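Annotation comment: Swiss-Prot describes 1 as N-acetylmethionine, evidence class similarity to another entry. Marked as phosphoserine by Swiss-Prot on the basis of similarity to another entry: 19, 45, 59. Marked as O-linked glycosylation site by Swiss-Prot on the basis of similarity to another entry: 41, 170. The annotation Zn(2+) 1 binding site is assigned in Swiss-Prot to 83, 111, 119. Annotated N6-acetyllysine per Swiss-Prot: 92, 166, in sequence order. According to Swiss-Prot, the Zn(2+) 2 binding site annotation covers 104, 106. Per Swiss-Prot, region 'Disordered' is recorded for 142-175.
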């Protein structure tokens, strides 16, 4: 008995290119984007390939991901937690690690029942005092964790460059 082997990188005319190849590649509980409602690539043109869903370019907020920034004067983390209430979130600092945990029990939504849980850890930069870290939750579900960076002590000083007449590297003696 022959078994057909389907390679995900080979385009097949009767198989939509954008379909998830594994169960975990699907976006459960997330809203549809407008591009999800377009016809499949093979019905448009045999030469047109719509990019797969993981290559879409929505804003970071729509993806459920986090963004960590290290700016001149502060360290910050923005994390999309729109599916969690403030009571379902915990932010802790353990040594030089920030831990964010969110969990809600099973509840019913328009698609059925769903429960969610996540753990995220971020290393605090060496120039940020863990005791100064704060967090806030915006009305649109973005958790912001930030802390000020320590300023370098002392004024800036320009160091003059002197020129020497001898080379820095000397040739090795030949044998």
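Just so you know, glycine gets a Cβ as well, placed from its N, Cα and C.
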Note = Under 8 Å Cβ-Cβ from the region 'Disordered' (142-175), and at least six residues away from its ends along the same chain, one finds 61, 70-82, 89, 91, 98, 100, 122, 124-125, 127-130, 132-136
Ask   = Including all protein chains shown, what's the count of other C-beta atoms within 10 A of the C-beta of residue 106 (Zn(2+) 2 binding site)?
value = 9
Query = Which of these recorded positions has the least crowded Cβ, counting other Cβ atoms within 10 Å: 83, 92, 119, 166?
reply = 166
Ask   = Of the residues in the region 'Disordered' (142-175), how many are helix, strand and coil by DSSP?
value = 0 helix, 8 strand, 26 coil
Inquiry  = In whole Å, how far does the CA atom of residue 104 (Zn(2+) 2 binding site) lie from that of residue 83 (Zn(2+) 1 binding site)?
reply    = 9
Remark   = Across all protein chains shown, the binding-site residues 104, 111 give the max Cβ-within-10 Å count at 104
Query = What's the CA to CA span in angstrom from residue 170 (O-linked glycosylation site) over to residue 119 (Zn(2+) 1 binding site)?
reply = 56
Remark   = Check: min Cα-Cα distance from residue 119 (Zn(2+) 1 binding site) over recorded positions 92, 106, 166 goes to 92
Length of the line joining the Cα atoms of residue 92 (N6-acetyllysine) and residue 83 (Zn(2+) 1 binding site), in Å = 20
Request  = Select the closest residue to residue 166 (N6-acetyllysine) from the following binding-site residues, measuring between CA atoms: 83, 106, 111.
outcome  = 83
Task = Write down the Cα-Cα distance for residue 106 (Zn(2+) 2 binding site) and residue 83 (Zn(2+) 1 binding site), rounded and given in Å.
result = 12
